[in-house]
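Presented below is the structure to which this report refers.
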Amino acid sequence: MIIKPKIRGFICTTAHPGGCAAHVNRQIDYIKESPSIQGAKKVLVIGASTGYGLASRIAASFGMGADTIGVSYERPASEGRTASAGWYNTVAFEESARAAGYIAESINGDAFSHEIKQETLKLVKEKLGKVDLIVYSVASPRRTHPDTGETFNSVLKPIGQPFSDKTVNTNTGVVSEITLEPATEEEIENTITVMGGEDWSLWLKALEEADLLAEGVTTLAYSYIGPEITEAIYRKGTIGQAKNDLEATAHTLTKQLERYDGKAYVSVNKALVTQSSSAIPVVPLYISLLFKVMKEKGLHEGCIEQAQRLFGKLYSGATVETDEEGRIRLDNWEMRADVQQAVQEAWSGITTENVSERGDLEQYRLDFLQLFGFGFDEIDYELDVNPDIQ
Ligand code: NAI
């Protein structure tokens, strides 16, 4: 099969196995070139196949020498259709990690379900024994509740009043005004059910009940705050309510983990191009302006640089530095006053005509393509490849 990108709105419906492997291997190379970290050795990553979860898994194995089990929900190849990028990433990660001598096992299925939790516990027991780090990095538009079978959908909407601002079609470069209607109470609740902390705590409960938590265990989940520009749609919107819930869950989990001398942290990460963030209105325009500013200031990072910095902070041996809410702040460079001021200046008066000059749309598009294994110079996209790899 000759595989080319097929972009529909903010998703790409194809993925390239060789390109996804190149993407994974670049991240592995970055970690191998970074100083190694004495940290976790037995790691479970939930949401391990793309974005921050994949980077965390790579940094755990190649940076800390950890054996890993990854859970994700990806599509295998089928008649005439490529697998999803996360599928290919997982195959590539397992291959490289095993070749380097690490245990790397993966489970593909719905992490929200009791069945996948039980299947994972069995595998953890068999392959890892107890775990000393659990990274929760699931991003999903829906969740079927394991007890009731009811399916909830999350929405990306403002709360209280309509919100209008500029957005960009990253494919065409057209900047336009968008108005989003506020969420209903039910939509807010549903978004919290999908993206809040409940499933994270169900995972910890299941691991504890199965006696799979090691002494000194750490668990991590990822959050975002962001600037005033995205506040109405992000932090003060429906997804922000879910993140408040996730952050509150860290405090509850830390209390529960006291008997293991363990700790639950939320890390507030930088805005980056991932399959999830590209679906949020307004955010891709903000990200393309932010990238330009951060690159100019030599502060630009991707998921893998963030994961490496996170484990460096977590396992430095010193007290883990947090903000007054107990959160680790990996967004400190994004939120620096000089960075935000420059983004704000670029934002005011942004139009289709000046967006390419004020923002880094090229980088945005390349990052987006690379999420699906496209845009790598070392890959010949004219070659016939087998999409069905396991
Ligand atoms: P992503 O879309 O790249 O990754 C999502 C992961 O969740 C994938 O591995 C996917 O297979 C897995 N997943 C989705 N539904 C699942 C299910 N039902 N069962 C098992 N696995 C499932 O997303 P990204 O951006 O890496 O997000 C991860 C976390 O990082 C989220 O909490 C997000 O809010 C947070 N974050 C993201 C930022 C960004 O700019 N992308 C910034 C700061 C935080």
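Every residue, even glycine, has its Cβ placed from backbone N, Cα and C.
Unlike curated entries, TrEMBL annotations are predicted automatically.
Features reported for this protein in TrEMBL:
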- 2-79: domain 'Trans-2-enoyl-CoA reductase-like NAD(P)H binding' (DOMAIN)
- 47-52, 73-74, 110-111, 138-139, Lys243, 272-274: NAD(+) binding site (BINDING)
- Glu74: site 'Plays an important role in discriminating NADH against NADPH' (SITE)
- 81-313: domain 'Trans-2-enoyl-CoA reductase catalytic' (DOMAIN)
- Tyr224: substrate binding site (BINDING)
- Tyr234: active site, proton donor (ACT_SITE)
- 322-385: domain 'Enoyl reductase FAD binding' (DOMAIN)
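Summarising the environment of Tyr224 (substrate binding site), the number of other Cβ atoms within 10 Å of its Cβ, over all protein chains shown, is 20. A Cβ distance below 6 Å to any atom of ligand 1 is met, among the recorded positions Gly51, Tyr224, Tyr234, Lys243, Val273, by Gly51, Tyr224. Close to Gly47 (NAD(+) binding site) in the fold, though at least 6 residues off in sequence, lie Gly53, Val71, Ser72, Ala111, Val135, Tyr136, Ser137, Val138, Ala139, each with a CB less than 8 Å from its CB. One residue stands out among the binding-site residues Ser49, Tyr73 for having the most other Cβ atoms within 10 Å of its Cβ: Ser49.
Cβ contacts within 10 Å of Asp110 (NAD(+) binding site), excluding its own Cβ and spanning all protein chains shown: 16.
Using a 10 Å Cα-Cα cut-off around the residue listed as 'substrate binding site', the recorded positions Gly51, Glu74, Asp110, Tyr234, Lys243 reduce to Tyr234, Lys243. Within 10 Å of the C-beta atom of Tyr234 (active site, proton donor) sit 25 other C-beta atoms, taking all shown protein chains into account. In the shown protein chains, 24 other C-beta atoms lie within 10 A of the C-beta of Val138 (NAD(+) binding site). The average pLDDT the prediction assigns to the domain 'Enoyl reductase FAD binding' (322-385) is 96. Geometry remark: Asp110 (NAD(+) binding site) versus Tyr234 (active site, proton donor), CA distance 25 Å. Taking the Cβ of Val273 (NAD(+) binding site) as centre and 10 Å as the limit, one finds 25 other Cβ atoms among all the protein chains shown.
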